[in-house]
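Annotation source TrEMBL lists active site, proton acceptor at 252. Look at TrEMBL and you will find 132, 196, 197, 221, 222, 223, 224 tagged as ATP binding site. Sequence annotations record features per position, and here TrEMBL assigns Mg(2+) binding site to 222. According to TrEMBL, the substrate binding site annotation covers 250, 251, 252, 295, 296, 297, 351, 403, 404, 405, 406. What TrEMBL records for 125-427 is domain 'Phosphofructokinase'. The site 'Important for substrate specificity' feature in TrEMBL is assigned to 223.
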């Protein structure tokens, strides 16, 4: 039954009493997720691609480029969502209308095209890593360089220390080649260096023009993506033939429409070491309480997944789920119960949890992010004070592995993801796209317009099955 209600879905005001609402929604979705292309401002004819792997074939066949089936058709699409929810009350339901009608959400499939819009021998490509460190940065840099060279690009440079490297005196371009980047994936950090903030968009584009850069690959999170989109828009305004392609980098896994971002799996894996240490410390002490703070400014994915995978967490606190510390149903009372019942406990908190319980500073970092109050330290002090006040001994061990997690090398899962994302970024640039990002959506690799992925951050849905699984594992109650 169609209900006579209106709703705003994305940027479209929908009237569900209109029989054509689904068609209107689909058309709006297709418009929003169409990919900006350099032919939007330039009248260009495509040329046959120089990317082919048939030279690596060992069967001795002489298959022509036209017959090699390694290319993605420009009309290929991937389905973003595959669950048909029967009711808005289903766990984790994401519905467009009140009746949860099935609506298809298609996005562009990523990969090499048969036709390209650049002459590889004339291309100058630049790579920049922005924001904070993240496992896998070097893997992405490496694969971008490798893939550019397969296309035939000879002029590849690295911009040092984020957007700052475009205008800061003394920071020169770093020539890149397969030989230079061959083994950089064996170490953590960024071979090019990182920084937050940087120059104004107009100054960066002035610099891009002066350096005659044709392709810019931006590896970064939400803020860096917003910067990449601003550069893309300024290049279009000046009618420059420049492809700006982003690769999503955030340990927090908080970029919209993507299953995961590189560095996340490694972060969860590394968090196990901290959790295991906290568990051993807590279990070995009389009334031991292990407290681990993990990354997650506005999204608690790392804390949730680390709690699930470790199986050693008794309480998991994330930014998306409110809680109280004091009172009959507060966290402190539950910790008392755990000490009475099993003699020790382990608590995992995301850095952005409980900010409503702390005094706000309103200060921001160079990227414009609000500087959070340290909930981990607050929690440590709160637990110590609480048990002292009630006369119960408690031995609190606090572990913050943040910088250890950020600086480590990517694990196998992330290394594969980085490899594919780096390759697809280059394929997207040669296909003529700009203002896009390369990600994995519903297990498929896809291109998405940056404008859509930066509208807000992806967050844990408290009604999702994954959060319910976490609660089942920890056995924690509602803290209200």
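Cβ atoms are placed via backbone N, Cα and C, with glycine included.
The structure, with features from TrEMBL marked on it.
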{"residue": "132", "record": "ATP binding site", "Cβ neighbours (10 Å)": "25"}
{"residue": "196", "record": "ATP binding site", "Cβ neighbours (10 Å)": "18"}
{"residue": "197", "record": "ATP binding site", "Cβ neighbours (10 Å)": "15"}
{"residue": "221", "record": "ATP binding site", "Cβ neighbours (10 Å)": "25"}
{"residue": "224", "record": "ATP binding site", "Cβ neighbours (10 Å)": "28"}
{"residue": "250", "record": "substrate binding site", "Cβ neighbours (10 Å)": "29"}
{"residue": "252", "record": "active site, proton acceptor", "Cβ neighbours (10 Å)": "27"}
{"residue": "296", "record": "substrate binding site", "Cβ neighbours (10 Å)": "27"}
{"residue": "351", "record": "substrate binding site", "Cβ neighbours (10 Å)": "24"}
{"residue": "404", "record": "substrate binding site", "Cβ neighbours (10 Å)": "14"}
Checking your reading of the structure: which of the binding-site residues 296, 351, 404 lie inside a 10 Å Cα sphere centred on residue 132 (ATP binding site)?
none
Starting from residue 296 (substrate binding site), work out which of the binding-site residues listed here (197, 221, 223, 224) have their Cα within 10 Å, and give them in sequence order.
none
Nearest-integer angstrom distance between the alpha carbons (Cα) of residue 222 (ATP binding site) and residue 250 (substrate binding site)
8
Mean pLDDT over the domain 'Phosphofructokinase' (125-427): what is the value?
94
Close in space but at least six residues away in sequence, with Cβ under 8 Å from that of residue 406 (substrate binding site), the same-chain residues are 132, 133, 134, 135, 251, 267, 295
Of the recorded positions listed as 250, 252, 404, the one whose CA lies nearest the CA of residue 224 (ATP binding site)
250
Keeping only the binding-site residues of 196, 197, 221, 223, 404 whose C-alpha lies within 10 A of that of the residue listed as 'active site, proton acceptor' yields 221
Indicate the candidate from 222, 223 with the smallest number of other Cβ atoms within 10 Å of its Cβ, considering only these binding-site residues.
223
Tell me the Cα distance separating residue 351 (substrate binding site) from residue 196 (ATP binding site), rounded to the nearest angstrom.
19
Can you tell me the CA-to-CA distance separating residue 404 (substrate binding site) and residue 223 (ATP binding site), as a whole number of Å?
23
Among the binding-site residues listed here (197, 221, 223), which has the Cα closest to the Cα of residue 250 (substrate binding site)?
221
Could you give the Cα-Cα distance between residue 351 (substrate binding site) and residue 221 (ATP binding site), in whole Å?
17
